[in-house]
Structures are given as structure tokens and as C-alpha cells.
Amino acid sequence: MKRKTGLIAALDTQDASTAQTWAQAVAPSAGAVKLGLEFAYAAGFPAIADVAGATPLFLDLKLHDIPNTVAAAIRSLSSLRPRMLTLHASGGLAMMEAARRACDEAFPEGARPALLAVTVLTSLDDEALAETGVMDGARAQVLRLGKLAMRAGIDGLVCSAHELAPLRDALGDAPLLVTPGIRPAGSQAGDQKRIMTPREASQAGADWIVVGRPITQAADPAAAAAAIAAELAA
Ligand SMILES: O=c1ccn([C@@H]2O[C@H](COP(=O)(O)O)[C@@H](O)[C@H]2O)c(=O)[nH]1
């Protein structure tokens, strides 16, 4: 049976009123809004809560530090009540385990966010990854980090749509698989390297796709989001 794929709109801006405008525009089409480093550093935590409002919040802070610091950061951000929260799998097993324990302790029963481990950023191709010392390519590294994240009790993974099939083969249906690097046909790749269209990512088994600039930089963000949602539903 075809998996239902939801749209997460990435609202990357420093300006709270711009983010608010975009959040309203995508509300009929997106299942969640993503606020990340750019917005958090510029606008602050209270603005994150304001923009998300009643829409589920994907808080993409990509935590990456020693276990004690990551656990403390999760306790600090718990008042934002994110639905999904990211950390880097490359922080290691102990860091991810500490994050999971902190989530269990800091959030009330039933309100714990899905912890998502970022595997290999979608802006990296095999060549760029080799420059960091990973010589066997993005697919192998995503699988390695994905398995490590599952051992740590992490709920899902951020990966490119190209790794969905091997991840499903290796890990089954349970992990939530979230894919940025999504580009509707004809749109600019920008700095993204491992890309797919919304329809391709959905067919490959994504639970969620993350789309930013193809929506926010469109002449009509509401229409762009609606077109992507329609492509996912087709
Ligand atoms: O591997 C990753 C992890 C996170 N992202 C984030 O997703 C959006 C993508 O925005 P676009 O404008 O659609 O490229 C952005 O907020 C990234 O921080 C990612 O792209 N890749």
C-alpha cells in the first residue's frame, strides 16, 4: 500500500512577520512548519512559538554536542512543545541515548516529540562527503548512522529520498523517514545535491518531505505549497 506522505514547509527567514505570513499561506497544505537555525538565532524562542501557533512544529535545531549538553538543551527547549526535533546522528550513540532520555523526562506523557537523527546532509554528494573522511559514499554512511540511531531509541531519520529504499529494506516500516532536498520539476536545486521531486520521494517511501525555497521564494507561496500537496496526493 502506498505510504501517505505529508508536507513540511521550511520557513527559513530571520523575520518573524515574514515567517508568520508564510505560515498562514501554507497552512491549508502543510502538515507541519519547520523553523530552524536561521529563525531561532534571529527571532528567538518566543517567536518560534508564535509562528507555529496551532500548526505542528518541526524544530530543526540539529543538536550536536556532548551528551550532557544536548540533554540540557532539550530540557531548555521543552516549553516549545515541538512535534519533531532534530539532532545529528554523527554526535554518536551516547549523545543520542542521552537525548532520548532527556525527552522522556522533559515532556509530559503523550507530548514527547519525535526525535529525528540527521544522517548525511542533503547538500553533500559523495565527493563532498569524501572530503570529510567518509570514503564509501552517502548511502553507506546513511545506513550506518541510521542503524546507530535506531540502537539509541531515536524515532526517525532525516535523509535524502535516494536512501529511502535501502533504509526501508534495512530498518523496516517503523522509523519515521523525513526527506529534505525536494525539488518540484523545473525548480532550482540551489545548494542541494541529493534531490528528488515530491512525487518521486513519496513513491520511494517518505513519511514527510521538507520543502523550503520552492515555496517561500515562489511568487505565490500558498499556490506553490498547494501544488506540492496535490502532487503528493495524486
Ligand atoms: O539534510 C538536510 C537537513 C535539513 N535540511 C533543511 O531542510 C530545509 C530545506 O530547504 P530548501 O530551501 O527546500 O532547500 C532547510 O531548512 C534545511 O536546513 C536540509 O536541507 N537537508
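Every residue gets a Cβ built from N, Cα and C, even glycine.
The domain 'Orotidine 5'-phosphate decarboxylase' feature in TrEMBL is assigned to 6-228. Residues or ranges marked as substrate binding site by TrEMBL: Asp12, Lys34, 60-69, Thr122, Arg183, Gln192, 212-213. Annotated active site, proton donor per TrEMBL: Lys62, in sequence order.
Candidate recorded positions: Asp12, Leu61, Lys62, His64, Pro67, Thr122. Those with a Cβ under 6 Å from ligand 1, in sequence order, are Asp12, Thr122. In the three-state DSSP reading, Pro67 (substrate binding site) counts as helix.
A gap of 14 Å separates the Cα atoms of Asp12 (substrate binding site) and Lys62 (active site, proton donor). The secondary structure of the residue listed as 'active site, proton donor', as reduced to three states from DSSP, is extended strand. Across the domain 'Orotidine 5'-phosphate decarboxylase' (6-228), the prediction's mean pLDDT works out to 97.
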